Structure formats: structure tokens, C-alpha cells
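Taking it in order: structure first as C-alpha cells, then the write-up.
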Amino acid sequence: MVLNYIPQTINVYFISRVGDADMVAGVGLATLVFNIGGVSCGYGMNQAIETLVSQSRGQGHHRLAATSMARGMMIAAALSTLLFGLLQFTEVFLTLFGQDPIIANHAMKYVNSASIGIWPAIQYDCIMRFLLCYHHPHICTWIYAITAALHVLWCYLLVTPSSGLAGAGVAMTLTFTGCWLLGILYIIFAMWNPSITAIPRDALPTFTWSMFYGWWEYLKIGIPSMITLCSEWWAYEIATLIVGLLRDSNQLAAHVSICNLFVIMFMLSYGIQTGLSAKVGSAVGAGDLHLAKLYCKSGIVIGGSMIIVVVLLLCTFRDSIVRLYAEKEPDVAAYELYLVRPLLCIILPFDFTQSCLQGVFKGLGIQRYAVPVNIISYYIIMLPLGYLLSVEAGYGVDGMWMGFAVGASIIATSYTTILACTDWSTHVADAQLRIIHGFR
């Protein structure tokens, strides 16, 4: 999952090499809008695939898994069309919220080019989640590795002082399209070689009339999943808007760079989350409550071990990391040093915890429980607190990250409490009933 975010990191690196702080801030705001008004909604809706396909697979109903996948791809295509239209108002949106007009114009150039890739991006996400449910993460890894390597070439050729963020947007569209094409090719290969891929032929999505039915049942799982993901994703992107109110491109550039690093760290835990979702969902579909709980405990142990290593690496190589992001901008580097340590090192353990537990929520099909926790923690506590500390109290970008720490700790504690109080057997029975009725 780390490779999933590498292209955006590569974008920031190549833009930062241009030596224009306004462009670095612009790519941050552009990514913000593209995430809020684009991929976060699609990726969130697609999480229903993890729940439905993994549970169907666990009980051996591969045809039902295929129907759920095809239905999800149809819904994703319709949603992508709506999101593409919304993205065309990027510059208006940013200006309305008080962002610098020059930076807003830079952001619009990126989104104009990248928004074409919204369809292949969300369609490939469907394919990726399906492959993860059938225990083929290595295929996703290879696809991301190939397209991330090619993204370096695209940025090298397209990101210049004259093309700027428009070139980076074209590079992202090429990368999204490459992921989708490779995913489609693997699905075709699996259809012709089920003995090699170990995916039953009747599990592979085919376009039939059944995919036009049962949308509401799909959406009952997809909408809470989308709200859960979007509420988290949007909160961090809105925080970038708040930092933009400081009218200091150095602080905004530092915030964008460290957010980029933070998301790479998050992707480590997100990989565990998707694995937990597939494993717990499969066990729930099979009706094996003991195995589902065992997977949950194993995921927590792995996540805890991983975060210890990550924090140690951040503390040890803090200066090198900052130089990578701000070699030509000493003022930006000064802000980044404090953001990496101690603030980022404080936030990450809580963020790893809540991310891993979300995988268990998806496996059980209880994403709806996370919705009120996220809304309260992010929008009633974290963002207002971050605004007060950063803008009103004068702590600047550091104040926003203090708010992050408070919000992440509340969510991690709440998720742990919910899972400890949940009657797992009830949700296992619900999943069994849904599968028996064929998810009609």
C-alpha cells in the first residue's frame, strides 16, 4: 500500500526541485482538492467490496462475490462521472476559502490534467480490493511498483519550470491509467488460467443484468464506508486549508511535505488494514468466530511492532528526511524539523491503532459504528482545536499538528472501546444471513 502513494510523493519531490515555494504549496492544495472531491469518495465507496467479496469467498459463494464486484464497478463508474464534474471548480473553491490566488491557479492546472484519471483510478481500486480479498496482494504490489517506477520517468519528462503542475497532473493520469490497464490484463489472464491464479473462474466479475440490481444493499455498506474514509481524509485536507490561512508559503510548504511523509507512514498501517479486512471477512463468511478474533489480535501485534520500527527510523533519520523535502528552502526545513520530531512521532502510534482496527470493522461489516466517532473527533474536536492553536493562539503550523495528536488519540481509544464491547457473534450471523439470501 505504500507504493500506492509513492506517485504523489514523487510529484512533491519534482515540484520542490523547481525551487518555487508557491508551486510546492500549489501541489499540496491540488492534491487536497483531488482527494476531497475525487478519489476519497470513490475509494471509500469501494470498501464495500472488501466486506462483501471477502465474506462471500469465506462461505464459498464465488458467484456472489463476482456479482458484488461487478456491481461495485458500475457504481464506481457512475460516481466517477459526478466527481469529474465537481473537480472542474477547483480554482473557484480554493479562492472562495481564502487561498492565495496564485497558489489556487497552480492547483487548478494540476487538477485539470489529473482529473481525467479519476475513472481509471477508481476502477483500478475496485480491482485491487477484489484481488486482496482473494489473497493476491503480490499482484497489486507489482502493479504499483511498475507504475511508480514509470511515474518517475513521466515526471522527469513532464515536470519542468514551464509546465509546472500541469505536467505533474498529466503524469498522474498516465500512472492511474497504467494501473487500470495492468489490473484488467491480470483479470483477463485469470479468466483463462484459473489453475495458475487460484481464483475460481466464476468468482471473476462478468457484466450481466444482475449488476444493475441490489444497488441499495450495496450502498448500505458502501455509504458508511465512504463517510468513514472521507471524514478522516477530508479532515487532514481541510487542515491544509487552515494552514493556508496563515498566509505563509513556507509554513504551508512544510505542512504539505510532512503530510506527504505522514501518508506514506499511514499506508503501512493501511496495508495491515486491508489484510485484516480480507482475513476477518473471510473468517466471518465461513462462520469461524475464533479465527476472526485470532486475525484481529495478530494484526494488532504486527501493527504495534511496525510502529516501533517506524518511530525509531523517523527519530534517527529526521535531518536526512527534511533535507530530502526542503534542500533548497532552509526556512521550510526549520518548520519541518519540529513537525517530524516530536509531533509526528507522537501521532503515529494512535493513527496506526485506529487504521488497523478499521480493517476489523470492515471485515465484520460494522463500518457504521466508526461514522459518529470520526465526525465528532475530526470536526468537533480536532479541526476547531487546530484552528485555535495555529491561527488564533499563534502556534502556526505546529498548532495544527497538536490538534492532529488530540484527534488521533480520541479515535484510537474510541475504536478500541467499540470493538471490545461488540458482540461479534451477532455480526457473524448477519453476514451469514446476507450470503444465504444472495445479497439481492
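Note: Cβ is positioned from N, Cα and C throughout, glycine not excepted.
Per TrEMBL, transmembrane segment is recorded for 23-43 (among others).
The transmembrane segment feature in TrEMBL is assigned to 64-87 (among others).
The transmembrane segment annotation in TrEMBL covers 139-159 (among others).
If you look up TrEMBL, you'll see 165-192 (among others) marked as transmembrane segment.
The transmembrane segment annotation in TrEMBL covers 252-272 (among others).
Taken from TrEMBL, the feature transmembrane segment covers 292-315 (among others). For the transmembrane segment (292-315), the list of distant contacts is 265, 268-269, 272, 275-276, 279-280, 283-284, 321, 340-341, 344-345, 348-349, 352-353, 355-357, 359-360, 363-364, 419, 424, 428: same-chain residues at least six beyond its ends, Cβ to Cβ under 8 Å.
Using a Cβ-Cβ cut-off under 8 Å and counting only residues 6 or more beyond its ends in the same chain, the transmembrane segment (369-389) has close neighbours at 224, 227-228, 231-232, 234-235, 238-239, 242, 358, 361, 395, 398-404, 406-408, 410-411, 414-415, 418, 422. The transmembrane segment feature in TrEMBL is assigned to 369-389 (among others).
Per TrEMBL, transmembrane segment is recorded for 401-421 (among others).
Only sequence-distant pairs (6 or more apart) were considered; of these, at least three Cβ pairs between the transmembrane segment (165-192) and the transmembrane segment (139-159) are under 8 A, so the stretches are in contact. Remote same-chain residues near the transmembrane segment (401-421) are listed as 235-236, 239, 258, 296, 339, 343-344, 346-347, 350-351, 353-354, 357-358, 360-361, 369-370, 373-374, 377-378, 381-383, 385-387, 389-390, 395 (criterion: CB distance under 8 Å, separation of at least six residues from the stretch ends).
Taking Cβ pairs closer than 8 Å, the transmembrane segment (139-159) reaches residues 3-4, 6-7, 10-11, 14-15, 18, 124, 128, 131-132, 167-168, 170-172, 174-175, 178-179, 182-183, 186 in its own chain, all 6 or more past its ends.
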